[in-house]
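Student: I have a structure I would like to understand better, so I am pasting it below and will then ask my questions one at a time.
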Amino acid sequence: MNTLEQTIGNTPLVKLQRLGPDNGSEIWVKLEGNNPAGSVKDRAALSMIVEAEKRGEIKPGDVLIEATSGNTGIALAMIAALKGYRMKLLMPDNMSQERRAAMRAYGAELILVTKEQGMEGARDLALAMSERGEGKLLDQFNNPDNPYAHYTTTGPEIWRQTSGRITHFVSSMGTTGTITGVSRFLREQEKPVTIVGLQPEEGSSIPGIRRWPAEYMPGIFNASLVDEVLDIHQNDAENTMRELAVREGIFCGVSSGGAVAGALRVARATPGAIVVAIICDRGDRYLSTGVFGEEHFSQGAGI
């Protein structure tokens, strides 16, 4: 490997040792935090920029625009720095300090909208900026180069790493790029694989997973590629995230906890299943939020 972009992908797939049910099923997780900018979004970020370059839509020195809740923005900021683009990122102001700091460290310009405006507001502002000629909108929510990254890399890797044994694929749904691309690839293989998507329960807030209003449903989403959608409560996602750290040694974020909570639900209901879930990022991106309970230790509680 000679360049940073060549280190994106080919992430490890590991079997959970202690959290899975004792019914002959197996839960395997793909450690996307091993990508250079720390998340599964490295794949889509690289794909959206490289494919746009191939079509002659952008060139180094151009301004790129994107709305993000964090991971895509960090990944795009990394690729923009690597390739010589100027990156403008729109993000709600209730996202973690680590995300803001990482984007700025890569040299991106960060524009915050209010938490009340949310991702919908960030998307609207990104579109308006693009229409005013302030830069090229990459539009991860409607850009087919997003799922294409997972069709050409993530899906084939999972199939190869499980030697085709996979029976269920479980993925949190945000932009839906991961589940759409992986499912499309798995649908083309010689055996059926059940595709399970995850969204937050009504009233739950899980960073990186969305329950989109109909008018904001990502254009890349193809409902025919998803067999089942599970609702995940915020508490289940957070508790599973913490369990992964202390029982499996896997330090990940809340949406990854949600994915594994869903995988556990599938495995318990399906003896003998080979379930694969995506660990989409690392836990260090969430420390300032207190979700791991570290604020109690800083106050001396429990010591």
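Backbone N, Cα and C atoms are what each Cβ position is placed from, and that goes for glycine too.
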Student: Would you identify which residue of S255, S256, S288 Swiss-Prot lists as part of the pyridoxal 5'-phosphate site it also attributes to N71, G174, T175, T176, G177, T178?
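Tutor: For pyridoxal 5'-phosphate, Swiss-Prot names N71, G174, T175, T176, G177, T178; of S255, S256, S288, the listed one is S255.
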Student: Once the chains shown are all counted, how many other Cβ atoms turn up within 10 Å of the Cβ of K41 (N6-(pyridoxal phosphate)lysine)?
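Tutor: Excluding its own Cβ, the number within 10 Å is 30.
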Student: Do me a favour and check the Cα-Cα span between K41 (N6-(pyridoxal phosphate)lysine) and T176 (pyridoxal 5'-phosphate binding site); whole Å is fine.
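Tutor: Distance between the two Cα atoms comes out at 11 Å.
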